[in-house]
Amino acid sequence: MTLALQYKRILLKVSGEALMGGQSFGIDVSVADRIAADIAEVRAIGVEVAIVIGGGNIFRGVAVASHGGDRVTGDHMGMLATAINSLALRTSLTKLGVETVVLSAIAMPQICESFSQRKAIGYMNQGRVVIFAGGTGNPFFTTDSAATLRAAEIGADVLLKGTQVDGIYSADPKTDPTAKRFDRLTHVEILQRGLSVMDTTAVTLARENNVPIIVYSIHEKSGLAKVLNGTGRFTIVSE
């Protein structure tokens with residue numbers, strides 16, 4: 001059995017920084033289009049796809065708190081940034097003919113629909129790509145935690161995190177040439193080793209709900225399809 005068949009329904013977590021490309025801020029449309037093409041490729045082979053996008057290319061809530069501001073307000077601003085990114089990726093997917101809907105944890109009816117579990121599953125059963133905006137809708141939670149929560153809610157077979165590198169390393173491979181890449185880890189090992197691939201809340205939630213995690217490079221063309229076919233470079237996290 002191929003991974004594409006094993007993983008019928010996936011949730012893809014994309015960082016906001018991934019959308020910047022070579023820019024220092026904002027959205028590089030060509031990057032959004034390439035990520036959309038990768039998603040369309042796996043959708044074409046029957047994989048049901050949901051997506052959570054971060055907002056770090058536009059705003060990070062912790063930035064407000066670090067300058068003495070209110071963290072809750074900062075996180076609300078970050079949630080709005082995820083909505084901007086979600087609309088951008090929906091635009092890129094729509095250009096490819098992929099039916100896509102944005103569901104937000106924060107009500108904004110003129111812009112997108114509000115999230116509900118039943119609605120999300122219904123759209124996925126219809127073959128649409130679903131993008132979840134607004135994080136969890138609550139402050140103090142990362143979009144990694146939101147991705148894990150949504151993966152559990154929709155019954156995703158796996159949570160895929162597209163990052164800047166091709167898996168989980170013992171240290172930052174960009175600064176430490178001795179960093180070792182892991183092929184496989186457990187959720188507990190990530191927590192025990194203090195590996196920074198996801199925050200503790202996200203990893204714990206994934207472990208408690210039996211959600212496996214695959215970490216791969218978002219920058220490789222057709223990288224998502226390669227991972228699902230078992231031919232790419234990645235780290236898989238499962239018990």
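From the backbone N, Cα and C atoms, a Cβ is placed for every residue, glycine too.
Residues Asp75, Thr136, Gly137, Asn138, Pro139, Phe140, Phe141, Thr142, Thr143 are recorded by Swiss-Prot as UMP binders, and the candidate that the same record lists for that site, out of Gly55, Gly122, Gly162, is Gly55. Using Cα positions, the member of the binding-site residues Lys13, Ser15, Thr163 nearest to Gly55 (UMP binding site) is identified as Ser15.
Considering only the binding-site residues Lys13, Gly56, Thr163, the residue whose Cα is spatially closest to the Cα of Phe140 (UMP binding site) is Gly56. Residue pair Ser15 (ATP binding site) / Asn138 (UMP binding site) shows a Cα separation of 18 Å. Non-local neighbourhood of Lys13 (ATP binding site): Ile51, Val52, Ile53, Gly54, Thr143, Asp144, Ala147, Leu159, Leu160, Lys161, Gly162, each in the same chain, at least six residues away, with C-beta under 8 Å from its C-beta. A separation of roughly 24 Å, to the nearest angstrom, links the Cα atoms of Asn138 (UMP binding site) and Thr163 (ATP binding site). In this record, ATP is bound by Lys13, Val14, Ser15, Gly16, Gly56, Arg60, Thr163, Gln164, Tyr169, Asp172; the longest C-alpha to C-alpha distance in that set is 24 Å.
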